[in-house]
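Feature annotation from TrEMBL assigns signal peptide to 1-18. Among the features that TrEMBL reports, domain 'Peptidase M14' is placed at 125-473. Under the heading active site, proton donor/acceptor, TrEMBL lists Glu441.
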Amino acid sequence: MKYSLVAALLVQSTVVLAHLLPVHLKAPTAAHFLEIVRNDTYDLGCRAIAHPTEDGHFKLHALLTEEQIAHLENEYKAVPEISLHRADLTKRAATAPIGTGDRFKAGTVTPVGLGTQAAGSTISSLMNVAEITSAVQALAKNAGVTTITLPNRTFNGATQIAAYVGAGTDKSKYHLYLSAGVHARERGGPDQLIYWISDLLAAKKSGGGLTYGRKTYTNAQVNSVLNAGIVFFPLVNPDGVAYDQSSGSLWRKNRNTRSGSSGTSIGVDINRNFDFLWNFRKYFDASESPASTSPSSETFYGTAAASEPETKNHVSVYDSFPKIRWFMDIHSAAGDLLYSWGDDDDQSTSTAMNFLNAAYDGKRGVVNDQVYREYIPSADAANVKNVAGKTVAAMKAVGGRSYNAMQAVGLYPTSGATDDYAFSRFWAKSGVNKVYGFTMEFGYSTNFYPTLTEFNQNILDTNAGFMDWALAAISVGLE
Ligand SMILES: *[C@@H]1O[C@H](CO)[C@@H](O)[C@H](O)[C@H]1NC(C)=O
Ligand SMILES: *[C@@H]1O[C@H](CO)[C@@H](O)[C@H](O)[C@H]1NC(C)=O
Ligand SMILES: [Zn+2]
């Protein structure tokens, strides 16, 4: 068994993959996992999420070393309700290849998405880092997109670009913002975003609609989404993605070496580095680990709020496009669409109980208690639930699989994340627009490297999700 597992992993061509094994733990309650979730040495994927199972239990997915598996098996020998299960990788097809050339020919050949191609068409490989830029430049050269160079260079010196399309030259007419590629290993996010924009522009030009599996959209819907004004930042973490693509090491963070220069001590988790309750030791209950102060953790929060150039660049987009109302950050892998808040349970009755109120410092983040719950006005709670529900309904209607809409906190809190930062700006800064923030978690749990079939299904699922997310946002309101 062990031999065949290792052999299967070697066939997948990534040696380091064998080092981190996908597992899930199962227990009768989500609280059974608290010891694991609060231990920042475990890799719990994009965020720790306890998923209900059909038999009324909960599952927690993780990527563990053999040593960690042995440690937990030993630890839980006396706790029979908690069981650990290895994923059966022997049945998995090879992971989707990464493009080796530049299929967009230095920004001259426009990408073509799946929504404007015949049913059953497929994309043959993931984009490499240079192709992501080349694809966006081709959309700029041929399809009406405008690129902007963001102010900071990454640790390894990359220049970052975002782009906008649909609502002309007045940046205050742009209301939708999407980003991808924050977590390096979450393969396919940048591709899905770029192919969706390509589809919208191709359909607008031809006067046609879009088809994603069993879900279709009219040309009028395409035009309405474009008219909402779309800003997109398809590759937030180019240093991390370049490293992940060359190493196959399931790399998540950026590649900043200031806090650690070898192995897993390299890098900051960009999705714990935003200025929302960033200094979690001060703001959260001492028992909670919404991020980590340890450089070797996958959730290392950095050296200050927005210490990282990628974070600063992401934030600069709000300053350039002051009327953004809706934000989505594209991640994997869980099969969820997350809405605010991510630091604690929501409540709409006590305005004083909010993330800015120092009276609650040291009390946040314990889910299912009454000590602290994050304030969300009831109208906002209704809006984000409504839009999240329509988004997952569209993803399910594609015909591939089902997705769940859920509050971002789930059963465990997060600090410094892109989605909470987006929504918090309205209260934390004066004179800025209110932004509803979402995180899409496409794909199956801990399945960061999709097979080619899964990669193509993810494009269909997410692109339908983006369409209905945008359409629902438009019907709630863009101003
Ligand atoms: C965290 O987990 C590691 C095993 O990965 C274990 O050695 C360590 O004792 C745990 N830390 C705490 C505080 O429980
Ligand atoms: C990073 O960008 C900000 C604007 O967001 C700018 O004020 C700052 O000077 C830049 N820093 C560097 C090191 O380029
Ligand atoms: Zn992620």
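Yeah, the Cβs are placed from backbone N, Cα and C, and that goes for glycine too.
What TrEMBL says about a protein is an automatic prediction, not a curated fact.
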- [ ] Specify the count of other C-beta atoms within 10 Å of the C-beta of the residue listed as 'active site, proton donor/acceptor'.
- [x] 23
Task: For Glu441 (active site, proton donor/acceptor): DSSP state (helix, strand, coil) - done: strand
Open item on the list: For the domain 'Peptidase M14' (125-473), report the average pLDDT of the model, please.
Closed with: 97
